[in-house]
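Engineer: Structure in structure tokens, see below.
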């Protein structure tokens, strides 16, 4: 079988209850005890991956080093564990069914009637074991809510796998929500009781329950949950709302959750080394920076989750607080110059993140012109870098029709155009330039100084690139190419001379930022903002 131990994390009562943060926190606390830890997210949707899903429904698509387009929870796992994960750490129903159907078409099942049990559940178990290879412990989060039809094959696979792993091979941690009535201020455990009943009916008994609530719960609520859900009192944990998601591991450690799980899995309890984590959280904020994030999908902040977290990481490192103002590029498109100045003049820095499609692009052009002309520290990511190029071509080079062929296929000045290998692509899923590629930095540039190394590996997710026909004109007018993918001579980084900080990158640096190791570009952006800003208490 395997020597890896498993923590299976299920969710009850409602979705978005915080399973991902709980799973990431547990993984981080086991790693702090010296274990080699990995994390796996199982998503019951029928999409093969998250790549073609709407950011309004699903939030951001997190891209791994190997180019997998995954659930945003993998971003939480990477940030908390400080480990690079891969496509094998995200299992979807679409991926599983695709594998099973492919095998059936090839005749691998030798004429068997292909069914959910055993064929689909076996494929799920194989994927879990493959994803956990080489780890002492794997935290496996089952997406959705117990009781969902889509989750049943995954929960059945977990039931079977637990049986095969033996009594000390795995634990189940059930994360539920405890509503508190406004009128009586009474915490209601009935939804949790029904959720556990549903979980038991599938054959899974939780070893621990994490009760999510807005405020701390009284002890009698935990005792009642313990009694009615048949979980030892020490295994019933209250995870109430805290100021930052990075406080959650300390809360779970305080509640001794990992001690309960470690004793069950490894027959021992050890101390966690949380010194550096606590030091990171203890830095005092002397001032608050206001950072404008101008994007297309700001209705759902999760669409820019990694960008927001990367800003926070840099802010913590610099000892400042960062207030991120989400601004819709659609709305800014309607503003005149005076209105635009009113919205942006009190901002200390600007980030324009990635996205797809023509909607809202002209709003970004307006914002970036303001930032360029008013010396506002600015970082453009992927689409943001492309719109920087469009704005510069129009307003500095005088190419009034300049555009990307994504937005205007017939533009006279295609400063951004389709990658040659993308010309014949028809399927959208998994067909972009994805994953980590080397970028060679030009010595003497701001970006080279920030990274302090000649070559960096950064993650990509795009089809369009800077058109080298315009490279000479850009550089002659002060927009310098400071990073290249040398094998194909692709422009990866642009930076504006004679500007405090105006940098555009074709990649997604936010995916590699970690709480204790902020990304150099976000550090550079906020450092410049700190230098320019007056203290705001």
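In case you wondered, yes, glycine gets a Cβ from its N, Cα and C as well.
From Swiss-Prot, for reference:
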BINDING   15, 148, 149, 150, 188, 189, 190, 191, 192, 193, 224  CTP binding site
BINDING   15, 188, 189, 190, 191, 192, 193, 224  UTP binding site
BINDING   16, 17, 18, 19, 20, 21, 73  ATP binding site
BINDING   56, 355, 383, 384, 385, 386, 406, 463  L-glutamine binding site
BINDING   73, 141  Mg(2+) binding site
ACT_SITE  382  active site, nucleophile
ACT_SITE  508  active site
ACT_SITE  510  active site
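For the listed features, I'd like the structural context: burial, neighbours, distances.
Structural biologist: Following the DSSP three-state reduction, the secondary structure of residue 188 (CTP binding site) is coil. In the structure as shown, the Cβ atom of residue 188 (CTP binding site) sits within 10 Å of 14 other Cβ atoms.
For residue 190 (CTP binding site), no same-chain residue 6+ apart in sequence has a C-beta under 8 angstroms from its C-beta.
When secondary structure is read from DSSP and collapsed to three states, residue 16 (ATP binding site) falls in the coil class. Annotation for residue 16 (ATP binding site): no same-chain Cβ neighbours under 8 Å separated by at least 6 residues are found.
Within 10 Å of the Cβ of residue 355 (L-glutamine binding site) there are 22 other Cβ atoms, across all protein chains. A coil conformation is recorded for residue 355 (L-glutamine binding site) in the three-state DSSP classification, outside any helix or strand.
When Cβ atoms from all protein chains are considered, those within 10 Å of residue 141 (Mg(2+) binding site) total 28, not counting its own.
Sequence-distant neighbours of residue 382 (active site, nucleophile): residues of the same chain at least 6 apart with a C-beta under 8 Å from its C-beta are 353, 354, 355, 460, 461, 462, 505, 506, 507, 508.
Residue 508 (active site) falls within neither a helix nor a strand when secondary structure is assigned with DSSP, and so counts as coil. All protein chains shown were included, and the count of other CB atoms within 10 Å of the CB of residue 508 (active site) stands at 23.
Sequence-distant contacts of residue 510 (active site), defined by Cβ-Cβ distance under 8 angstroms and a gap of at least six in the same chain, are 306, 307, 309, 310, 353, 381, 519, 522.
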Engineer: DSSP three-state call for residue 406 (L-glutamine binding site): helix, strand or coil?
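Structural biologist: The three-state answer is coil.
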Engineer: Give me the count of other Cβ atoms within 10 A of the Cβ belonging to residue 386 (L-glutamine binding site).
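Structural biologist: The answer is 29.
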Engineer: Out of 73, 406, which of these binding-site residues shows the lowest number of other CB atoms within 10 Å of its CB?
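Structural biologist: Across 73, 406, these binding-site residues, the one with fewest Cβ atoms within 10 Å is 406.
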Engineer: Using the structure shown, find which entry in 189, 193 (the binding-site residues) has the sparsest Cβ neighbourhood within 10 Å.
Structural biologist: 193
Engineer: Rank aside, I only need the closest one: which of the binding-site residues 141, 224, 385 has its C-alpha nearest to that of residue 17 (ATP binding site)?
Structural biologist: 141
Engineer: Can you give me the same-chain residues 6 or more apart in sequence from residue 15 (CTP binding site) with a CB-CB distance under 8 Å?
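Structural biologist: Once residues fewer than 6 apart are set aside, residue 15 (CTP binding site) is near 144, 145.
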